[in-house]
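Q: As annotated in TrEMBL:
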TRANSMEM  57-76  transmembrane segment
DOMAIN    78-428  domain 'Cation/H+ exchanger transmembrane'
TRANSMEM  88-106  transmembrane segment
TRANSMEM  126-143  transmembrane segment
TRANSMEM  155-174  transmembrane segment
TRANSMEM  190-209  transmembrane segment
TRANSMEM  221-244  transmembrane segment
TRANSMEM  250-268  transmembrane segment
TRANSMEM  288-305  transmembrane segment
TRANSMEM  342-363  transmembrane segment
TRANSMEM  375-401  transmembrane segment
DOMAIN    523-670  domain 'Cation/H(+) antiporter C-terminal'
């Protein structure tokens, strides 16, 4: 992924970049310019001067102040009217308010502050993630590590019941849905939802009880002990799942975790007691020890997420457990960092996460929930089922230990509470599932296509996929972004690429495409020519790679008059299926029952357009060659109205604002530019 700065020389250098020796690209300079040069910058260099909020430090300060102001205002207002909610709820609502306000106008200064389009470093997101790491570490510090060994039978039974019963019931429901073919989620997605809804995370329960000011009551101690049991059980199930589904990698994860715990118990914890001994009574702990402990918390995070591929903050939490709570070490860490973290840094994590919420899409999907169908209905109904089972099991277990019925209900509500752990773990799981290797280049926009082409050449790539320069809202009513520099980049790559190129127009995925027995439907528009042949090869590769994929190949042929009946019959002799088989060989015969061939006779481009509009909602992906149908009757009339030449006439029609489809489009161009090395040139001369 290239990083397009889209600036002229002064504009780019002002942002902390300088030309390299070859003057072909900009490289990041250090130290990075973090603050504005003041009002003189805008008055002296307008329009190239930057606004003060475009610099990292002022932008971070605005974000911190905005989130703090809104969530504190919500907290104060709700407390005044007698409503008490966990603080995380206010932080998340603040993010939704900011996100929806900024999207009222994509060209407003407010949108530029919170959703910048210049790919600048995500300082606020990074700081928020650090706040979340620190939050987990401090939760471990404030927790008594000996609690699991002192909990009684009541806490153990409550913790086991409140997790095992919903896991069993949820597994049965998923298998029932899968057998009936009504499961639209993948198995991994069901396992993730079931895991997050079954556990009662200690950090979430602890935060809730603290916000409600009942943490140190008898009720609070029972709830925390039960939550600790579910956490321990969750660790065990996590590693059993890893070993069962991932084999050797799961075994190595388990060994790595056990090694880490042993190191914490036999090396780090004695070191903590040594630090306490070095601190005279009544004197503060030296700052150097505090810094070393924070460095260890950060290292533990990286050990979990980079080496073990587990939830990173859990490593910091385990380290926090090794810190002896109370004076002087544990108290010092909490006094130094907890208030500032909870008040200023952590709200960035809670708010920035929900700022990305597509509220309009969610409201539209809720209509499907009311009709008891669709993916939103499936997810919410499954969550409600698991939580209801958990609530009933928790209530019965608590009541069986002679707790008052009112307290049993309250305890069940506490165990069903979801907090910051579930939010962050879900984000972590999505990130792991969609992770890609990314190539980042910082160069002037007019040279960026050369970086892409040289990368493709050096790695012998067969296909470059580029994003379309224009994106729309989910309902296709407004243009979200229209990057002309990206369009120029795409055109230059099409001219110079040493391999085939695809321009991908992404739209929101169709919900039904995830059904367990549903075939992902691809439509290939094949009219002959080099680009269409390359598109055919890509479509066939996708069909053979993904078993649940069906392919429809449609060819537009001219409609002849009755007097030309002999010519029509001669044209029909070239059978579409035989034509495809001759091009890609025997591969087309594999899973041939999932390939459908259609010949559609049209007289001009208007009939082609009508045909494509009629099938707009029948497929998940359209693939077409860039030059498909150019110069033929099926594109006559629409070629003259093509807005984006890089897509070709049919690709431009499929990607247009008026085309009534949520299917994505891939426009393919076969390699045009051939790079000759010096040796090849010498051979050609001979």
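Cβ atoms are placed via backbone N, Cα and C, with glycine included.
Heads up, TrEMBL stuff is auto-annotated, nobody curated it.
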Q: For the transmembrane segment (126-143), could you work out the same-chain residues 6 or more beyond its ends whose Cβ comes under 8 Å from its Cβ atoms?
A: 60, 202-203, 206, 294, 297-298, 301, 312-314, 316-323, 325, 330, 333-334, 337-338, 341-342, 345-350, 352, 420, 424
Q: Thinking of Cβ pairs under 8 Å, which stretch from 57-76, 190-209, 250-268, 288-305, 342-363 has the most of them with the transmembrane segment (375-401)?
A: 190-209
Q: For the transmembrane segment (57-76), which stretch among 155-174, 190-209, 221-244, 288-305, 342-363 has the most Cβ pairs under 8 A?
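A: Checked against 155-174, 190-209, 221-244, 288-305, 342-363; highest Cβ contact count belongs to 342-363.
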Q: Applying the under-8 angstroms CB criterion, which one of 155-174, 288-305, 342-363 scores highest with the transmembrane segment (221-244)?
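A: Per the Cβ under 8 Å count, 155-174.
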Q: Looking only at the domain 'Cation/H(+) antiporter C-terminal' (523-670), what is the mean pLDDT?
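A: That region's mean pLDDT is 80.
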Q: Report the DSSP secondary-structure composition of the domain 'Cation/H(+) antiporter C-terminal' (523-670) as helix, strand and coil residue counts.
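A: Per-class counts: 71 helix, 32 strand, 45 coil.
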